[in-house]
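A.B. asks: So that we are looking at the same thing, I have put the structure below in structure tokens.
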Amino acid sequence: MGKLLLWVGLVLVLKHHNGAAHKLVCYFANWAFSRPGPASILPRDLDPFLCTHLVFAFASMNDSQIVAKDARDESIFYPEFNQLKERNEKLKTLLSIGGWNFGTSRFTTMLSTFTNREKFIRSAIGLLRTHGFDGLDLFFLYPGLRGSPRRDRWNFLFLLEELLLAFRREAQLTMRPRLLLSAAVSADPHVIQKAYDVRLLGRLLDFINVLSYDLHGSWEKVTGHNSPLFSLSDDPKSSAYTMNYWRKLGAPPEKLLMGFPTYGRTFRLLKASKNELGAEAVGPASPGKYTKQAGFLAYYEVCSFVQRAKKRWIDHQYVPYAYRGKEWVGYDDDISFSYKAFFIKKEHFGGAMVWTLDLDDVRGTFCGTGPFPLVYMLNDLLLKAEVSSTLSPGFGLSTTVNSSRTCPESLAVTKDLTTDLGILPLGGEAVATETHGRSDNMTVTPGGGLVAPTRPTLSFGKLTVAPEGKTESPGEKAMTPVGHPSVTPGDMSVPPVPIQTGDRITPPRRQAVAPEKMTLPSGKRSD
């Protein structure tokens, strides 16, 4: 009862004032249609007024060019997805490329030379404009890891720099709004250290989607929550910790979007009588009826599970879990989403990212609380309300482990990080039907700077773009970017980019840092 009263007070505090400028970025998975029965979701089933930005996941890549994953995307799903903007003219749509199943090899090949990056950029502009997308989202998991060479960390930054310049130039020539540029990034400090130059990402991207979930799961030997808001004294993994880590490393807080999972992670308990947080587990619980993935339940499957289960609340992490027999699930609900929305507002972050819309109760048929109950709560609290200056009693923002003023400056320094970080796939993507030293163009300066003195001019001599507001049919070659005569910038070129002192892409000279007591999984998830 105390938790419920505190939650009601929190919602009232959040809704005390009207008007707020936050982003609510929501992914839609292009394999959602393949789920059975009422769980099958198409782009036309989405509510165009819930999110400020919708992101279509995922596109693919062929010969260093972005392409639709299959003909169905170009002929049916892209048009349906972008037609949502006809109902809400303020909505922005992005196309995401990558994902866990995509791997890293095609990214590495594309990033390896300026010529390949130029091909990718030209194809991206053509595909985005042809189908009416407003931007590109890069879901590269991860530069310099999972088989990606270390130089990809720097080549990825070169790509972002070149994309941004090309997007600006294309906007000038076509008199259209500039295409947006975003990226999905890890929540793991060890991955962050190896994969990203945080300050440069913050300068080059319009917003940064932090994957602050899958922090615990059935790959571990004890139960833990998928996406706790706050850390425990013996477990620093949490959404708050991750967001403050990115901010302390130099990312602009207004560009950081915290990840909100519309799914739970499950465990099979060793003993049914031992069912608390941290109880011994022996693997994943049974697959869900619709998602059919061991260790994973969509929110609409969680609703069915908890009807016959015992529910508990983790006081210091502000998230629920439930257990039934030997099955245990850590998940989010509207109450935990409310606390997380409160955290975003109090800490002045840019907003929320949802993975994914199609894992929420889209039609309201499973949970009995109306369509999109989780995302609707975020919409209501982030987009329609402004937080007051008074904290609700007992809300743990001031604890040492969660304070934005102590993390991560107090982290221990490690001299070496193992290559096997136990990196894990993001929620639900395993059900996707995917089929799929030193760089030769760089010079290391005496001061440690990394520059590319011979980077050629980025040219778009044959780029063709569809008329504004028009979605073209895919034509015969649906797996390749489509160009249609309309605007042909024959002299569309971007001059070489001088890398200024203080802004150049520079390898770090400091030792890597890692959080104290951070325990990483020993290996990848078995499912």
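Here the Cβ of each residue, glycine as well, is placed from N, Cα and C on the backbone.
OK, Swiss-Prot features for this one:
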BINDING   Ala71, Arg72, Gly98, Gly99, Trp100, Asn101, Tyr142, Leu211, Ser212, Tyr213, Asp214, Trp355  chitin binding site
DISULFID  Cys26-Cys51  disulfide bond
DOMAIN    22-385  domain 'GH18'
CARBOHYD  Asn62  N-linked glycosylation site
CARBOHYD  Asn402  N-linked glycosylation site
CARBOHYD  Asn441  N-linked glycosylation site
REGION    433-527  region 'Disordered'
SIGNAL    1-21  signal peptide
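Quick one: where do these features end up spatially?
C.D. replies: Under DSSP, Asp214 (chitin binding site) is assigned to coil, being neither helix nor strand in the three-state scheme.
Cβ neighbour count for Cys51 (disulfide bond): 31 (other Cβ atoms within 10 Å of its Cβ, all protein chains included).
Looking only at the domain 'GH18' (22-385), the predicted model's pLDDT averages out at 98.
In the three-state DSSP assignment, the secondary structure recorded for Asn62 (N-linked glycosylation site) is strand.
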A.B. asks: Nearest of the recorded positions to Asp214 (chitin binding site) by CA-CA distance, picking from Cys26, Cys51, Asn62?
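C.D. replies: In terms of Cα distance, Asp214 (chitin binding site) lies closest to Cys26.
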A.B. asks: Taking Cα atoms as reference points, which of the recorded positions Cys26, Ala71, Gly98, Trp100, Tyr142 is nearest to Asn62 (N-linked glycosylation site)?
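C.D. replies: Going through Cys26, Ala71, Gly98, Trp100, Tyr142 one by one, the closest to Asn62 (N-linked glycosylation site) is Gly98.
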A.B. asks: Which of the listed recorded positions (Asn62, Ser212) has the least company, meaning the fewest other Cβ atoms within 10 Å of its Cβ?
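C.D. replies: Asn62, out of the recorded positions Asn62, Ser212, has the fewest neighbouring Cβ atoms within 10 Å.
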A.B. asks: About how far apart, in whole Å, are the alpha carbons (Cα) of Ser212 (chitin binding site) and Cys26 (disulfide bond)?
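C.D. replies: Roughly 14 Å, rounded to the nearest whole number.
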A.B. asks: In whole Å, how far does the CA atom of Tyr142 (chitin binding site) lie from that of Cys51 (disulfide bond)?
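C.D. replies: Cα-Cα, rounded: 26 Å.
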A.B. asks: Inside 10 Å of the Cβ of Cys26 (disulfide bond), count up the other Cβ atoms and send me the figure.
C.D. replies: 26
